[in-house]
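Trainee: Relevant sequence annotations retrieved from TrEMBL are reproduced here:
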- 251-278: coiled coil (COILED)
- 172-183: compositional bias 'Basic and acidic residues' (COMPBIAS)
- 190-199: compositional bias 'Acidic residues' (COMPBIAS)
- 744-846: domain 'Small-subunit processome Utp12' (DOMAIN)
- 172-205: region 'Disordered' (REGION)
- 5-46: repeat 'WD' (REPEAT)
- 47-88: repeat 'WD' (REPEAT)
- 89-130: repeat 'WD' (REPEAT)
- 131-172: repeat 'WD' (REPEAT)
- 350-390: repeat 'WD' (REPEAT)
- 431-465: repeat 'WD' (REPEAT)
- 526-567: repeat 'WD' (REPEAT)
- 568-609: repeat 'WD' (REPEAT)
- 610-642: repeat 'WD' (REPEAT)
Amino acid sequence: QVLILKGLKQEVSCLCPSPDGLHLAVGYEDGSIRVFSLLSGEADITFNGHKAAVTALQYDHLGGRLVSGSKDTDVIMWDVINESGLYRLRGHKDAVTQVLFLKEKNLLVTSGKDTLVKWWDLDTQHCFKTLVGHRTEVWGMALISEEKRLITGSADSELRVWDITYIQEVKDPDEPESKRSKESSPGAEENTEEDETLELDEHPEERLVKCSKVGSIMREGRDRIVTLATDQTGKILACHGADAVLEVFSVLSEEEVQKKLEKKMKKAKKKNKQNSEEEPERSVELSLQEEIQRVTNIRASSKIKSFDLILSPKGELKIVLLLQNNIIESYNLNLSAQVPQAVRASKITIGGHRSDVRTLAFSSDNIAILSAAAESVKIWNRSTLQCIRTMDCEYALCSLFVPGDRQVIVGTKTGKLQLYDLASGSLMETLNAHDGAVWSIALSPDQRGFVTGGADKCVKFWEFELVKDESSVQKRLSMKHVRVLQLDEDVLCVRYSPNQKLLAVSLLDCTVKIFYTDTLKFFLSLYGHKLPVLCMDISYDGTLIATGSADRNVKIWGLDFGDCHRSLFAHDDSVMYLQFVAKSHLFFTAGKDSKIKQWDADKFEHIQTLEGHHQEVWCLALSPNGDYIVSASHDKSLRLWERTREPLVLEEEREMQREAEYEESVAKEEQPVVAGETQGETGLAGKKTIETIKAAEQIMEAIELYREEMAKLKEHTAICKAAGKEVPFPVNPILRAYGNITPSAYVLEVFKKVKSSELEESLLVLPFSYVPDLLRLFNEYIHLGSEVELLCRALLFLLKIHFGQITSNHMLVTVIENLKKTTISRVSEARDVLGFNMAGLQYLKREIEAKDEVTFFADATDRFEEKRRKRKKKEKMVLAVL
């Protein structure tokens, strides 16, 4: 492991490296995009524009622009250098699945689940062509043969291949339109039936590009495409479905196609000579299968989730696969071999489980954590977070540490109890405990035995005993079955009361029955849940029992009379696990809604929510001292939570919760309408968020302060005139904090602090009453020549959205006139400076190059080779990071 890029709480849904290999764009489940620097590991830029998960990301070939597609059906273009959104493209009716730039022209191709492939002209920001040749969702696209071919993959086993022809604009302006369009696309008349395109004659854009279907390549997989991609050179194409097979194809270059054609021509000529009397000469063409050849199929050890590939100059293909079961595999493929065979080079499997963890347990000294899943039991060191033991097991459902922490017991889905020794990591004993799954296991408070509950409607009591081992002199630990309690329903959970007098048993009939431990006589029935109770726990003093159910409620009962104290609506889905904190009436619950919550059983209050998991939380375990919680989820992660020493104020927690709810509601609100903007194909890139509202409020506060200070200054001037002497002017503490700057300079400081990506959205929510003051201040700033670029951007946006009000306001006519003069002069100055600097830099570059050629002409080649080697080395390091 080289680097961890720490994001926020949302799940990562998409990755895209920049062309220079120094940055990584990361798309998240909530629609935000963050660009990380791979050198520092920090998130340099954040873009907020999508309302749903980001599904596709792509940089242009220079790395200056980033395009993103989302489940919200929008495509957004971002300016990475200016850190701002450029525009939003609307047109797809379902989630966008892939976005591709065409280097040759300023064009973009997008595919979606709405079965369409759309072509966008980025100069005019509109869709000029839609391919409708697919019957089902288009799940992937790739460009090959120097962007002259497009390959699309959908829900069937066909890879459709499309020819892209860039049609040159005819330069004679006097020529009639009809003649020009005919001439610009030779053979267009013959191909009208074959072309699966939507092209209308009245659109002049049809002359940009022509796209026609060539044919199909059949995949071996029968299901939908999951990932379809090429390497950077475009020579290798690979794809996979929802199975474990990666199909690799090789694409012939133009030279290779020519060579093959020449060979075919020679063969055809020979044949023609022999059959010259019977047959006339036929034209020779390569079939699609000959141009795109199947290389091999790579079968991974599990279902593939995603992949990437690199073709080295020596002709070796390196492929990395990310599998569904949490493994990363790397394969090497020698393409020059007669029959290329993929060889697995390495595999990353360290640490985690291959399937969902269904049970967790803490050792009595709070140091070791047990986690068990469908294939293995792992023991982790809590302080170092390292896995110290891995033992194979059957599908585990419940577990505990034997007193002394040297052995562990695991209950399985097949009804077995498995006893493991931690020192040797070996399975010591397996007992067939139940005829169905062992759903629950609980250690007795006297630590002499334990109790298990299973799907065979039995509660079984066990004791620990030492038996003589045949292989060694020493005695070893074993389990002895003592008693059985037969019930009418499947047992889902069992718990002892701390004094061991009572045993609580949760049944499939939605009730919890309490029995006396010694006589097994019935004591109480807790009835009230609408669905089965999946988890429960009894408090340390034996007075309360809390039950969590699939009906999403937690009920708190008194153990003396079995009365329900309170019913709490705990989670948005089933409550999966519940446990009391040691020596307190606080308890934690885990739910299928991916949240962990803490509750107070005396005051019946929700204390806090622990968010971090992305999917259902199956189980959790509290350390005996109550300082740590470990939780396991369907998102394949184990998370360790630590109790801090800082006090928790409930009012503050409520306030933070309300703020979070407000922020969510802001994101879901309708976006403000821009004057003069129609809800057409394009729109603003950003969206209204809590950050943009805060930025607008800061600008408003700064203008308010400016107004107050100017009014005070007028008053002060009048007082000085009346008094006939200088009276000291009180400086505002905020301005003093900024180093005694003027009120107008303070407004500029606040303005500069607004994030570039949030500027337009902040100005959009700014009330018009503040705009006249801003325009006057802009005039002042631009006249001084400070921040010309930023201020012009803001000025033009304000003029666009408040055009009607500004032009109808007579007070602002002179301001706009002045702005016109100052802006044009300052912008042309800035352009002159930039032009001069560019020319200077180019001159210096030429000077240095000329000098180098003269002095080091002899060893120039060696030095270039050395530079290339270093660059390659650096690229390899960065690629390793990626």
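Keep in mind that glycine also has a Cβ here, set from the backbone N, Cα and C atoms.
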Trainee: Using DSSP, how many residues of the repeat 'WD' (610-642) fall into helix, strand and coil, respectively?
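Mentor: Residue counts for the repeat 'WD' (610-642) by secondary structure: 0 helix, 19 strand, 14 coil.
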Trainee: If you count Cβ pairs under 8 Å, which stretch among 89-130, 350-390, 431-465, 568-609, 610-642 touches the repeat 'WD' (5-46) the most?
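Mentor: If we count Cβ pairs closer than 8 Å to the repeat 'WD' (5-46), 610-642 scores highest.
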Trainee: State the residues, same chain only, that lie 6 or more residues beyond the ends of the repeat 'WD' (610-642) and have a CB under 8 A from a CB inside it; answer 'none' if no residue qualifies.
Mentor: 9-11, 29, 326, 352-353, 356-362, 364, 366, 369, 371, 380, 382, 385, 573, 576-577, 579-584, 588, 590-598
Trainee: Against which stretches of its own chain does the repeat 'WD' (568-609) lie, if we need a Cβ under 8 Å and a gap of at least six residues from its ends?
Mentor: 531, 534-540, 544, 546-550, 552-556, 615-622, 624-626, 629, 631, 633, 635, 641, 648, 650, 653, 657
Trainee: Going by DSSP, how much of the repeat 'WD' (568-609) is helix, how much is strand and how much is coil, in residues?
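Mentor: Once the DSSP states are binned, the repeat 'WD' (568-609) shows 0 helix, 25 strand, 17 coil.
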